[in-house]
Structure formats: structure tokens, C-alpha cells
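**Student:** Take a look at what TrEMBL says about it:
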BINDING   GLN28, SER29, ARG49, ASN107, PHE108, ALA109, ARG115, LYS147, VAL148, TYR149, GLU150  CoA binding site
ACT_SITE  ASP179  active site, nucleophile
BINDING   GLY258, GLY259, GLN260  substrate binding site
Amino acid sequence: MPRPSKKPFGQDGKALDGVRILDFTHVQSGPTCTQLLAWFGADVIKVERPGVGDITRGQLVDVKGADSLYFTMLNHNKRSITIDSKHPQGKRVLDELIKSCDVLVENFAPGALDRMGLTWEHIHKLNPRMIVASVKGFGPGPYEDCKVYENVAQCTGGAASTTGFRDGPPLVTGAQIGDSGTGLHLALGIVAALYQRNRTGRGQKVLAAMQDGVLNLARVKLRDQQRLQHGPLTEYSQYGEGVPFGDATPRAGNDSGGGQPGWILKCKGWEEDPNAYIYFITQAPVWGAICDLIGEPTWKTDPEYATPKARLPKLKAIFARIEEWTMTKTKFEVMNLCNEVDIPVGPILSMKEIAEDESLRKTGTVVEVDHPVRGKYLTVGNPIKLSDSISEVKRSPLLGEHTDEILTKVLGLDKKTVAEIKASGALSAPEKADKAA
Ligand code: CAO
């Protein structure tokens, strides 16, 4: 092991300095992964289809002529090169990139990488140290050839069947647990594979299937599935309401996930403001403080309310009483009063409130970035803070912005070769290629 650095923390490079990523990702899941790696210091070279690029550049466009926020918010700190991966000269460039990168990350439809000729065997022959990391919708099995988007994964990973209210349909959540969640899983797999490579000297394949990633995040619901065999789930409010359980983990509305009952309660202004609510947890150790705060001090000793077990069948009524109190205050007043006595609560923050939150700006979790075409915009910075590997958020690249730089500085190609490859049309959109030819 090297001796501990004498440089001040935050001034001795970044965690993934020296790691170069061949980024073949698109849409959301893969780009989330490579963006994280870039924030940790990896040199991420994003390969995009000439003329078009990552399809998200042109999706949900809000400023005409500028890359969409969908794209800019998922591709910070990367460099962009355009290559037609099916063109012979494009393949030649890709082979050179494979030789000079540590990790190839992709999230194409199943089989697409092979159809480009970039099989594991081909890659591994060119560069035995290369780690090949993929997001796919499903792991090996009956659905392995399927194309998958976010909500498909939420549904097949067990999240949708356990989200929503008992008497309503399954629901998907706004948090992108299928795409961004799987990107996170893949990033961890890549870092683990890089670590193993230090010992073995060879790369390996890393697969994060979206169904698996969602299920991993929904694991407490598989826990409940097994608990059901031993009796009703007493912390679910349907238990207190006397509604029998079926044979699968039910949707639990806004019940708390763990053994500490919770619910979303109205606060002052709820009639006009759709987010004037707070999540309130009746954590057992602070039950006395809750009783004092809402003006029910006798509940502290009344055997009907004093123990968690006695309270379980009456949760609906108890939360209705707490709500009478929360409705007299704003969500932030409730939060302040509860925090003073250690009651865990969470105000329902709108995206507007989050965008304006000063503390999130100070930590770099919400960042303002300048872009040459769209101007200033807000983004989410690196949510993982390393004290010795400080993240800076750099704007996403324009399509093909770094093509020349990568050909000459990364691959070391001379001017003549670069001109030859360009003239072949392998790096430009078809109409430009026609002109060049
Ligand atoms: N040059 C030439 N061709 C290129 C190229 C390049 N630089 N980049 C991509 N292509 C080609 C691919 O080779 C593929 O061609 P073939 O079908 O002939 O092999 C084609 O573009 C389309 O790729 P795709 O099938 O991956 O894209 P799609 O839009 O049809 O499907 C998606 C998108 C996301 C459904 C699919 O990629 C997928 O299932 N990915 C895995 C799961 C995943 O990551 N889903 C999350 C998406 S985020 O919500």
C-alpha cells in the first residue's frame, strides 16, 4: 500500500483518476452509471451515433435548438465522440478505444453490442483487462431478450404491486428506481470489478438487470411475503381495519415500511397546496412526546394507547387525532416542533421547494450549471460525498464536441489518419458523409 498522502484532503486527485470509460450508454440507466463514475474522476468517453447522438438529446425539449434537460442532467463531466459503430472505419476507431480504456459500459437492447461485432471474445482479445458492464431489462431467463424501460422494471421487480392503495390499481413511483437505481447498482459492480482486477489482472463482465435492481430495492416486500405465511402483517393499517390479507404482499398506501407506524397527514393550507402534508412517524420511544404535543397527555398511561401493541388496531383513529393537530400548523412548523422532541417527520417537499433549498445548494446536491446553448440550468450533483475526492459538476458535452481531441490525444492518431477516417464518413451523419466522399 502507498504511504498516506501528505496533501490536504480534497487536494490529492479523485477516487477514479486514471480510469478510462468507453461509454456506450444511452437514455437513463447507463448514463446515470457513467455520470457517477465521471464525478468520481473517471475519464468518460461517450460514443454517440453521428448526427443523432443519445436519443434523449432531442426528447422533452424545452429550449429549441438546445440539448434537452433529460440529456444534460444525465451526462455531466463526459466527453462526446461520434462514431458509426457499424462502419468499418468506425469499428477501427472503436477497437483502438477498447485497447485504451478500462471499462466499456453499455445498455443497448439485448444482442445489439454483439451485432456491432463487439462480442466479449472480441473485446477480451483486444484488451484482456477490459471490464464490460451492461444494464439489461432482465437477467438470463425467459425475458432476457426483451427491451425494457423504467416502468416495466418497476412492475416486474415487485415495486408496482406493492405501491399504491389497497383499493386502487398498482402504482409506479416518480423515483426512477428502474433506471437510475440500476445505474447505481452497475456503478458499484464496476468499481468492485476494477478492485478485483488489481489482483487478477483481467477484466470481467458485469451485469445489472433492471428487474433485479428494483427487486433489491423492494426486498422488504419479499420479506413481508414470507412473513404472511406466519400470520397477518400487523404493522399494515389493513390489519387494524380488520381487512383480511390475501396470499401476496398487499399495497400498503402510506404505511411506514418498518415496524414504526407512520402516515401522511394534512397540514395548514392543504386545501390549496397539494404538498401541504407531512409524513408523521409514531416511533415508540417518543410516544410520550407525541401525546404531549397533540394535547392527549392521558394517552401516555392509558393502557388502550400506552403500548405499540395496544395502538396497532387503532392507528387510523390515532393518525386522525394527530392530523387535527398538524392541520393547525404549516408542514415546516410541524417539523420544527417535532424535531425539538425527536419525533421523526418528513415534510412533503415539492420540486420547487427542493430547487430553492439553500442547504442542498451548499452541499452541491443541487447545482447550477452553465451551458453554451441553453444557458443556466439546475441539476442534481453527486449525491455521494467523498471527503478526499471532491466532485465538480461540469456541463454535458455537445454532440461530438470532443471527437478530434479523442482521436488525436487519447488514441494518438496523426492528422493524415484522422482525415482519412473522417473522409470515410464513419464519424459523421450520412448526408455529411456523402459530401465528404
Ligand atoms: N452507430 C451505429 N449504430 C448504433 C450506434 C452507433 N453509434 N449506437 C446505437 N446503434 C444502434 C444499435 O446497434 C442498434 O442497432 P441493431 O438493432 O441493428 O442492433 C440500434 O442502434 C438501436 O439500439 P437499441 O435497440 O438499444 O435502442 P432502442 O431505442 O430500440 O431501445 C431500449 C432502447 C432502452 C429499450 C433498449 O436499448 C434496452 O432495452 N436497453 C436495455 C435496458 C435499458 O437500459 N433500459 C433503460 C432505458 S432508460 O429508460
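Count begins at 1; order follows the chain as displayed.
Positions of Cβ are set from backbone N, Cα and C atoms, glycine also.
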**Student:** Taking the center of the Cβ atoms of GLY258, GLY259, GLN260 at the recorded substrate site, which other residues in this chain have a Cβ no more than 8 Å from that point?
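**Tutor:** Other same-chain residues with Cβ inside the cutoff are GLU235, SER256, GLY257, PRO261, GLN283.
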**Student:** Among ARG49, ARG115, the binding-site residues in question, whose Cβ has the most other Cβ atoms within 10 Å in this structure?
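**Tutor:** By the 10 Å Cβ neighbour count, ARG49 comes out on top.
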**Student:** How big is the Cα-to-Cα gap, in Å, between GLN260 (substrate binding site) and ASP179 (active site, nucleophile)?
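**Tutor:** Per the Cα atoms, GLN260 (substrate binding site) and ASP179 (active site, nucleophile) stand 29 Å apart.
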**Student:** With a 10 Å radius around each C-beta, find which of these recorded positions (GLU150, ASP179) has the fewest other C-beta atoms nearby.
**Tutor:** GLU150
**Student:** Name, in the order they occur in the sequence, the residues of the same chain whose CB lies under 8 A from the CB of GLN28 (CoA binding site) and which sit 6 or more residues away.
**Tutor:** THR56, TYR70, LEU74, GLU150, GLN176, ASP179, SER180, GLY183
**Student:** Quick check for the class: what is the C-alpha distance, in angstrom and rounded, between ARG115 (CoA binding site) and GLY258 (substrate binding site)?
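**Tutor:** Counting only the Cα atoms, the answer is 46 Å.
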**Student:** With the Cβ atom as the reference point and anything under 6 Å counting, tell me which of the binding-site residues (ARG49, GLY258, GLY259) are near ligand 1.
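**Tutor:** Passing the 6 Å Cβ check against ligand 1: ARG49.
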